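What follows is a single structure, written as structure tokens, with notes after it.
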Amino acid sequence: MTTTVPTPVGQEVGAATPAARAARPVGATARAVRQTLRRPAVLIALGWLVLVVVTSLLAGPLSPFDPLAQDLGSRLQGPTAAHLLGTDDLGRDLLSRILHGGGVLLLAAVVPVLVSYLLGVPAGLLVGYVGGKADAVADFVVNVLFAIPALVVVLAVSVVTDNNLPIMTVVFGVVVSGGIFRLVRASTQASRDLLYVDAARVSGVTRTTILARHILPNVLGPLIVQGFLLYSGAFLFLTSLSFLGLGFDPQEPSWGQLVFDATAKLDTDPWLMVPIGVVLIATVAALNYVGNALLATLPSSRRARLLTPTRRPVLPVADAHGTGSTAPAPLPAGPGGDEPRLVVEGLVVSFRGEDGRWQPVVDGVSFAVERGRTLCLVGESGCGKTMTALATLGLLPEGGAAAGSVRLGGQELIGLDEKAMARVRGSRIALVSQEPMVALDPCFSVRSQLGDVVRLHRGGSRADVRTRTLDLLRLVGIPNAERVGRSFPHQLSGGMAQRVCIALALAGEPDVLVADEPTTALDPTIQAEILDLLRSLQDSLGLALVLVTHDLGVVADIGDTAAVMYAGQVVELAPVEELLAAPRHPYSRGLLDAMPEDAERGVPLRTVPGVVPLPKDWPTHCRFAARCELATDACRTGPVPIEVVGPDHQSRCIRTAETARGVHPVATGGQS
Amino acid sequence: MTVPGTTSPSSPLLRIADLHVDYKLPGWRTTPLRAVDGVDLTLAEGETLGVVGESGSGKSTIGRALLGLAPVTSGSIELAGHDITHTKAGDRKHIASDLQVVFQDPYGSLNPSRTVGKTLAEPLEAVAGADGSTALAEIRGLLSKVRLPDDAVDRYPNAFSGGQRQRIAIARAMAVNPKLIVCDEAISALDVVTQAQVLNLLRDLQRDTGVAFLFIAHNLPVVSYFSDRVLVLYRGRVMESGPAATIHARPAHPYSQALRAAVPVPDVAAQRVLRRQRQAVVRATTAQARPAPEQGCPFAPRCPHAAEVCWTTRPADTPFEDRVVACHVFDAASGHPQAGGAPDLVAGELAPTAP
């Protein structure tokens, strides 16, 4: 483990990157399939399959000889100019026999697949959706099916039906349909409780419609993959039958029969086995390979990406300043001229768009946090708060690049390589994320996860690590640390899990804690407890805290300074008391007005109309102008610089001077 | 028991009586989990009833039981005079035109592979039997009602932000002109500006159509801003119920007080007061608290006024001013040492009991 803290690569990321809003949704799976199909190995496998199918279809015209024509004069020849793959013991041309021998097999193998789909898909959908007794009965039937040896049954059928291939393939399909049934049932059960399925049920949509419309699409991906694997199994099974001389006309060539002929001559003429062996192995391998490559594209089997890519893209100099000027805004000077614990200056975070251009999502953000103080990053989703926080930790999601300056205790972090950054992370700056349950590994007990991190940062004997682990749990207000230490994340409540996450973050004794919406997912009373905990930790450990939130109540509770962000920029930076009592930027005022806490019942909330623009739609002039009550033509002429409007107070608005005099007009409850 | 303050004395739109919902836990011979434990409520036409509580309080389960998505163990649910207690969601064609839902997660509640138009057409087809062309006109009307552009019809949910998706979900619920919409944490996942926009939208829709809301959320100030009456729920039981304005201004039950003090206000000085308050109104953090008693009051482990009786006897629903409170302090006959101290408790002047 190179990092001590997990990173939330969540929806905010998607919402902030411009690529996430295509007009038509290209499903993640569809995209992955397309990528898979572009891989050379998959292309070769597919190419081989196409070749086999086409040559089998065109066997007649392509064959140089009649596959049944005997030429006893040229028996058991190796490859010659006349017989490219040689001849068998009756002098028949092997190439022609191989070309003719695949078609029936390839076609017959489709039947079991179709049969098991026809049985397994409807049954699996229905039983998975209904559950209960039907599920128990169906499960029993399928267990019986699984217990039946397919080969024995098909051999019996071949005896009874006088070697009737269609019947044999259908029976085989029935016997193997259990696998398809199980797959469909499991996927259905997983999607049965989706909210949009619930919504359809509430609307009285019929069961059949729900299954076809809302559930089947979720099952399709795994089904297609399973189809490939099932087909390859059926193909191999039928080849075995034809090897045994069953199911196929002994007069006509078939691949199994060719193998059988070659086996008889294996000691004297081993060449006979080579062509058919290669064809068979290549075909089955190609089928399985394509199936498995598709399987790897399914969301459930996708491997987790590396937390932090080993090589991070570097922003080109031309893009390193985002859309703004080259000079970052001046920072308020710290007391005594010392540099604050964490200084962020002119931070730019960009993602490379599909056209190759760098699109900033954080555009020249500057702030500083002193020891023992809290800075809150406030704003709506899509304003770049989370990206700013992650960039200070060097934890940007894949494809993101940061420029500007992040100084931690005087050390520049931007441009540090991953190895050096990993040393900084955890021991000097740590992260508490929004979803504590996602941040904890469900497979390990709290004690073992916490112990790992303690060992990483401090080392020491097992007893030392254990003591420190329990101390950390007590530090975050967990009285029965022994018992909680033994539990697994799913046994913890949300509040308890967040306390454990804070303990994890504190394990390396960092100076700076970055908390990304640490209480948003929690109940109010738990939120209050976590805020109290953070405050007491700050007092006892002197932590500098960067807290991302959209709740101005949380800001009032714990914040010292607040940076209000809008569309990637800081629009107002002020001491919290000043900001809440007399916001200078219209957006800050809008955020404050939207709080229902003290609103009069029955009166519409005063709020900001419209939505935050996407990064690609950011105007060059004031980005808030489109939603601003105070906007004039002057707001739409050029970029608005952030201005110092008071001690420690900055605002990015050309009418700041007027807002100071209380010109805040009533923002209406208007909607977009 | 009926919640006081009911606006319509005749027959209410919704009447839930003594509702119990148990969830079977996985495993052999496990004791079922009681998610809702004897809840009564009524809701008049055009009214908004707020249900507030924390996770595990059973507030969403009440909504799901009402919608037929959770099986009712005992009790009854009556909608517009019809008993729908055991009508499962699948057999609800006739109910669907009266009862709709807006879920919390705007990302999960819309099928990502269907256009907004198709999503909105679904309830129209299912309930009114409308076909594509007649539905389209209605859908455009719906979109303008929730203030989304016309061209949203042919776009997929991923083209919209969380707030816009929630409007689509609201439009879907409004499509069949229901009498009651269950808003199951409909605004909890939204940030504050979007939340305000959606609240305003819901209020406008209610004014225009007279729809009633069962408004489920965990934030007491938001619920009491938006609702006419409020039900405070804890571990499946109603702790306090009454007019929203009074519960917001002067929460009576110790749990309501804790809930009220927990939500921070955007004012530094006021928040400082509230912070002191929130430390006074609970005895222990959730991390420190003992498990709740089987009998008795579920809030006893965290309540600063807990006494012996709170651990052993379930508090009776006691009328207090214009509301009903399930707390021994409010019940003169409960045997609680502080019984009768209700006015002091509401004023925040009642001393804590000895732990």
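The backbone N, Cα and C atoms fix where each Cβ goes, and this holds for glycine too.
Database features (TrEMBL):
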- A:41-62: transmembrane segment (TRANSMEM)
- A:102-291: domain 'ABC transmembrane type-1' (DOMAIN)
- A:104-128: transmembrane segment (TRANSMEM)
- A:140-159: transmembrane segment (TRANSMEM)
- A:165-184: transmembrane segment (TRANSMEM)
- A:271-295: transmembrane segment (TRANSMEM)
- A:317-338: region 'Disordered' (REGION)
- A:317-328: compositional bias 'Low complexity' (COMPBIAS)
- A:342-592: domain 'ABC transporter' (DOMAIN)
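Listed stretches A:104-128, A:140-159, A:165-184, A:271-295 were compared with the transmembrane segment (A:41-62); the greatest number of C-beta pairs under 8 angstroms is found for A:271-295. A Cβ distance under 8 Å defines the sequence-distant neighbours of the transmembrane segment (A:140-159), meaning residues of its chain 6+ beyond its ends; these are 167-168, 171-172, 174-178, 181-182, 237, 240-241, 246-247. Nonlocal intrachain contacts for the transmembrane segment (A:165-184), taken as residues 6+ away from its ends with a CB within less than 8 angstroms of a stretch CB, comprise 108-109, 111-117, 119-121, 123-125, 127-128, 138, 142-143, 145-146, 148, 150, 153-154, 157-158, 219, 222-223, 226, 230, 233-234, 237-238, 241, 246-248. Across the domain 'ABC transporter' (A:342-592), the model assigns an average pLDDT of 90.
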